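One structure is given below, encoded as structure tokens.
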Amino acid sequence: MVTCCLLWLLQRRLPPEQKFKWCALHLCHPNRADARDEEGWVHWACSKLGVEVLTYRLQIRRPHGILKTGISRERYEEKSKQIRFRMYSRCLAHLGVSADMGAALVAHHEDDADENRLAELGKGNIIHIDGMLPTSVTQGVTVIRPLLRLRKRELIAFAYQADLCYMQDSTPKWSRRGWIRYVLDELKAEEEESFDELQTLLSRAGVASATLGETIDASLEKWKECDIRCGVIDVPEVMFTTGDIKKGQQQVVHHFNAHRVPVVVFRLPALFQLADEFRQKVTQLMEDFRGIAAIWNKAIEKQSGAPRDSAGAMQALEDFADEAPGGCPLQVIRVCEGPFEMGPFVLGRALCVALNAVPEVDRLLGGQLVARKALKHVWDCVARARREHHWGTFHKMCPFLYVRESSSLVLCDAEECGPEFSDVFMVLIVLFMLLSFHMHKFDYVPGKPWDTLPDPLEIPAAHLTVLVHFYVCAAASFLLSLMLMFCLRTRPHHWMVDEDEDGNDNGAYFSETLHFRFFYLSTVGYGVAAAATQVYPGDRNWAMVTGKVFIILAWTCLLAVSCGAAHALCPEKMLTAPLWLCAAVVVLASLVELVVPGDRHFQGFMYCLAAAALICAIAWVVVHNHYKPKRGYREPPNCFAVFRFCWFVLAAVSFIIVAIMEPGCGYGGYQTCYANCGGPGMHFWISLIPLMFFYIALVWMQGFNPFPMELPPLPCCQASQTEEEEPEKSTEPAASQVPPSIPDEESHPA
């Protein structure tokens, strides 16, 4: 009545342009004998104020005690809520207001929130214990609670000051909420100081609980977007025999048909981090909970077994079997006893978020939350895992597998396995799940059906982006080699490199040969990598390693061309010697990276290619800054050296970007890739686009603007050359050697 009068007064004081349409709604529950009298009083009060009132009478009573109404208590509460919000929508339609422009105003106050807080703490919940918000949207209806921060005593005091009549609490005394209100009233009457302290603690705990809940929910929203993936495992037909005849056991033949088993993968590192972050924040909240429990549990103990007034005693006779007449059915608060385990709580909250957001998770869990004991067991197994894998069940038809290497929890749908499902077949399903996530350390028997299990994350369809990338690079390399051949055939005769007096072309022909080898080796390397991806999609296989070796050899040719140009044109050999040394180190490091085991995939390989491209770029800087042409060398413009430097830097940057993005959005089949990226291998296209421009520029620069090159002379070659240049010594005897004649001064006078 106070709310109705306040709205009536507000409507009279507002200017005409701010007035709103409103009406009153009364839901009549037939759970009390005076329900019709209450309805009549509501109609009389609204008629006095000139307020339109709409009424809906429920036809089914709430079941309790020995009263059976053909519906369970949970079903009754669910249907009552649906009817209530449907009436809200009809009231808005009756007023001619759309759902997005109207709202249902409910007069809940903070004492109602205290009742929710105590009930939620009794259930063991620690976040969102208020159970209501000042503004919320439910079933498409906006609900506002403007009095939620006011106490009940404040509203009663206002009613006395304004001479307003109001109704007493009509909640059934046999209900749990009725018991909570009764215990609070008794506490207020007997220990007012404790009651005031309890209200203060409940208010503070409600705010802290809401803040913590909002923070956790926001973090779990990010986790939901990134760390939940759905898939399917193809389980082939399996037949095997159990039982040993020698030991007197009966042999049993097990036969299971092929199945497609849906799975859901949860990545857990973010949940581990959340549990560590919020453990300290929960500590202060637990202090408030302990203060609440000290007062509330003591008040409940006083009421346990103590009969109430006659009306309460009469109603208590019809209570549930587990609620003895006159006995208090309320639960004491135990959530603050001992250290709070944040890990199982975060896992349960994450499963709740996934259940509401992912239909597949809702189907696997049967639309039900996991029991707290099961959550604690799962979290303990995950946090203390020592084996490479651990498997268990949330319930019989929903086994899970924890993979320690990738910190992933894999849920499986056992209902898809057919009527012949058994515990033996569930073990087989877990084996297939295990093999699907690269658990190479798991010892399985070769030759069994699961030895050739097609991994759903390792089929060519999952590698389509990488596959197309390799084929495009192979085709482009081959076509550009043909384009280079055409450019050389149609090139003008005024070369930038002239032949010297001996007819030597100063390495131009060898430079062209190395460019051809670069494109040919690249074609073979990318082609082999594409075939390896299509036949066996994985990084650690001999075919993929062979393709990488061809690509490294291709870039070795470009290193030789770039360093050879610097060696031919730079007179200071002290500058070119480090270039040759660095080039040799990069090539050796690239080959070593291929044979060292590890789960790097293309990350280390891309870093090696980037280093090779940077050395080529440095070589062209040396050509540009220290170019002094030798005899027989025609001086080309230095801008072509700058062009080559820029294109090599572009190639190096593209390789570095791919290497940086590889762990987060990796090559298809990367264990962390599917948790962070919906399209494995998409980052390869970042390198493909600049790489195509680099290839085209390489053809143009070598086809029309070649540079001379020289390879550094090897020590053995230098020794043989020195021996060839020494003058030949005569083999004739000394006597036969006639010295040159000396002019005789006497016979030849001046």
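Cβ from N, Cα, C; glycine included.
As recorded in TrEMBL, the features of this protein are as follows:
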type	residues	note
DOMAIN	5-172	domain 'tRNA(Ile)-lysidine/2-thiocytidine synthase N-terminal'
REGION	719-750	region 'Disordered'
TRANSMEM	462-486	transmembrane segment
TRANSMEM	518-537	transmembrane segment
TRANSMEM	549-570	transmembrane segment
TRANSMEM	577-596	transmembrane segment
TRANSMEM	602-622	transmembrane segment
TRANSMEM	642-661	transmembrane segment
TRANSMEM	681-701	transmembrane segment
Do the transmembrane segment (681-701) and the transmembrane segment (462-486) share at least 3 Cβ pairs closer than 8 Å, excluding pairs fewer than 6 residues apart in sequence?
-> yes
Per the Cβ filter (under 8 Å) with a sequence gap of at least 6 from its ends, the transmembrane segment (577-596) is approached by 545, 548-549, 552, 556, 559-560, 562-563, 566-567, 604-605, 608-609, 611-612, 615, 618-619, 622, 712
Might you confirm whether the transmembrane segment (518-537) is in contact with the transmembrane segment (602-622), defined here as three or more C-beta pairs under 8 A between residues 6 or more apart in sequence?
-> no
Folded-back contacts onto the transmembrane segment (642-661), same chain, C-beta under 8 angstroms, at least six residues removed = 562, 602-604, 606-607, 609-611, 613-614, 616-617, 620-621, 624, 683-684, 686-687, 690-691, 693-694, 697-698, 701
Check the domain 'tRNA(Ile)-lysidine/2-thiocytidine synthase N-terminal' (5-172) for me and report the mean pLDDT.
-> 85
